[in-house]
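Quick look at what TrEMBL annotates:
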type     : residues      : note
SIGNAL   : 1-25          : signal peptide
DOMAIN   : 32-333        : domain 'Plant heme peroxidase family profile'
DISULFID : CYS42-CYS122  : disulfide bond
DISULFID : CYS75-CYS80   : disulfide bond
DISULFID : CYS128-CYS329 : disulfide bond
BINDING  : PRO170        : substrate binding site
BINDING  : HIS200        : heme b binding site
DISULFID : CYS207-CYS239 : disulfide bond
Amino acid sequence: MATSMVCLVVLCLVSPFLLAGAVRGNPWYGGGLFPQFYDHSCPQAKEIVHSIVAQAVARETRMAASLVRLHFHDCFVKGCDASVLLDNSTNIVSEKGSNPNKNSIRGFEVVDQIKAALEAACPGTVSCADILALAARDSTILVGGPYWDVPLGRRDSLGASIQGSNNDIPAPNNTLPTIITKFKRLGLNLVDVVALSGGHTIGLSRCTSFRQRLYNQSGNGLADSTLEVSFAAQLRQGCPRSGGDNNLFPLDVATSTKFDNFYFKNILAGRGLLSSDEVLLTKSAETAALVKAYANDVHLFFQHFAQSMVNMGNILPLTGSHGEIRKNCRRLNNYH
C-alpha cells in the first residue's frame, strides 16, 4: 500500500515535469543535436570513445564517476561546450582552478587519449564537447547503469569562465532551494535535480566536502541530526576536525563502484554522505517522493537518469558556425 501510494504521488509529480522536459521551450535548451551526427563524417567515433573509456575504467573503476562529473561540470558553466577542458593560457583563465574543480576534477588524460585517437581517424571532426557527452554515457554503462542515445553535434567553446564555474555548479553545502535554482536557470527541473544527484551512486568525495556535517552543521558545534549516528562516527575516524581535507570516502557507502539505486536507499537510512544528498529527503516533499520512488524502483531511476543526462547534455550547445572543433582539447586552435 505504502509503495503504491509513493508511486501515485510520483506519477502525479513527474508527468508534468517530463512533459515540460519534452517541450523545453526555452533558449537554454539545445536543438540541432542528433545521435547520427558523425555517422558519415566519422563512422567509428562512438566505437573509439567506448574502447578508450572501457580501458580507462578497467584500469580504475573510479574513472567512470570522474568522467560523468566532467560532463556535469562542463554543462553547468556556459553550456556543454568543453570549456572545462581548457588550460590556462594568455587569454584563458582555466575553470580547472575554480573552487568546485581544484584538486578534485579529473579524467583529462583519458579525454586527451580519446581526442588523439579521433584526430588520427577523422582529423578536425569530433568535438571535445561531444567526447565528454559520449564518455559520460559509456562510463555509466560500464559500471552497470542505463544506456541512452547521445545527441551529438556540439562544437567547442572559444573561452572559459572561472566565475561561472565558481558560481553556477551546485555545491555540497548549498541549500536545496539554491540547488534547484541552479538547475532551473539552465532549463532543468526537479526530476533532473533528483535523478542527476543519483550519479552519486558511484565515485568518491573529499572530507572537505562534508566535514561540517560531522562537527558543526548548524553553527552549534553539533553533528547533522539527519546523519545516522554510527555512520557519522565511522566518517569522523577518517575525516578529522582539521587536516585530511583530501581523504576520500565513497558517495555510496553500500556499492560505491556499481551504478544502482543504493544511493537513494542510503539517504533513506540517514547514510547519504553530502548535505546536498540528504536535503533531497528532508527539505522538500516533492524531492522526497522521488528519492523514495527511486529507492523502491531501480528501473524508474535508470529511465529518469538517462533522460536527465540527455536534458543536461542539451544545455546551450554551440552548433553551426559557432565555436570550433579543437584539435587539442586543452587549448584553442589559434593558441599562442
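Including glycine, each Cβ sits where the backbone N, Cα and C put it.
Curation plays no part in TrEMBL annotations; they are all automatic predictions.
Here the features listed in TrEMBL are painted onto the structure.
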{"residue": "CYS42", "record": "disulfide bond", "Cβ neighbours (10 Å)": "17"}
{"residue": "CYS75", "record": "disulfide bond", "Cβ neighbours (10 Å)": "30"}
{"residue": "CYS80", "record": "disulfide bond", "Cβ neighbours (10 Å)": "29"}
{"residue": "CYS122", "record": "disulfide bond", "Cβ neighbours (10 Å)": "16"}
{"residue": "CYS128", "record": "disulfide bond", "Cβ neighbours (10 Å)": "29"}
{"residue": "PRO170", "record": "substrate binding site", "Cβ neighbours (10 Å)": "18"}
{"residue": "HIS200", "record": "heme b binding site", "Cβ neighbours (10 Å)": "24"}
{"residue": "CYS207", "record": "disulfide bond", "Cβ neighbours (10 Å)": "19"}
{"residue": "CYS239", "record": "disulfide bond", "Cβ neighbours (10 Å)": "23"}
{"residue": "CYS329", "record": "disulfide bond", "Cβ neighbours (10 Å)": "22"}
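Residue pair CYS207 (disulfide bond) / HIS200 (heme b binding site) shows a Cα separation of 15 Å.
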